[in-house]
Amino acid sequence: AEYVVESTGVFTTMEKAGAHLKGGAKRVIISAPSADAPMFVMGVNHEKYDKSLKIVSNALCTTNCLAPLAKVIHDNFGIVEGLMTTVHAITATQKTVDGPFGKLWRDGRGAAQNIIPASTGAAKAVGKVIPELNGKLTGMAFHVPTPNVSVVDLTCRLEKPAKYDDIKRVVKAAADGPLKGILGYTEDQVVSCDFNGDSHSSTFDAGAGIALNDHFVKLVSWYDNEFGYSNRVV
């Protein structure tokens, strides 16, 4: 095979993923964060890709949702600091019923019966693809009993004052322009099922966000964490 998508979640380092190269593959895409492989998010830093790189990471589905939105907001208004929460659909690593999960007791609780707080490196990883935001974002996840589609809540402090309508305008311009196909924009009264099979990395929900004032806002963006992410891998 010329290209191998490493999606087991096991071979996520350069050394381990390199086994595919030894097996005859020409390039490897890791569908997860990596400790040492270069990380790329389409629409954010993909232009920095160098053809000499044989192994790359496509980051997390949540990073692919957050990073394009964070880039647009930071480029236009400046993000001083921010906290992200993802309300995330069930994943393959969760338990069907309560069971052992090392020291992470909550992660071992039944996926279909609980809302489960969990850690995620998705927000911090944005700093790897947008260096100016390194150390300015962190976040957490709530795993919920739905089969697919997740949603990011980015609450951030802005450097430049902005009305919520200003934010909607610049996000829509990006969605219709340079980030078309990656960042979406909707003013419809949507819910999670509406995004099953949506190929965007991130769809900004204009009607769901709120502003406390011109410097402090909560922004909401949806993503099909399976199909949408798979489109970016391809």
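Backbone N, Cα and C define each Cβ position, glycine as well.
Computed from a predicted structure; not experimentally measured.
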Of the candidates T91, T146, T155, which one does Swiss-Prot list alongside L60, C61, T62, T120, G121 as binding D-glyceraldehyde 3-phosphate? T91
Using a 10 Å radius on the Cβ of C61 (active site, nucleophile), the other Cβ atoms enclosed count 27
Around the recorded D-glyceraldehyde 3-phosphate site, report the further residues of that chain (criterion: Cβ within 8 Å of the mean position of the Cβ atoms of L60, C61, T62, T91, T120, G121; site residues excluded), sequence-ordered. P33, T63, T86, H88, A122, A141, N225
If you count other Cβ atoms within 10 Å of each one's Cβ, which of the binding-site residues T62, T120, N225 has the most? T62
Around S31 (NAD(+) binding site), how many other CB atoms lie within 10 A of its CB? 19
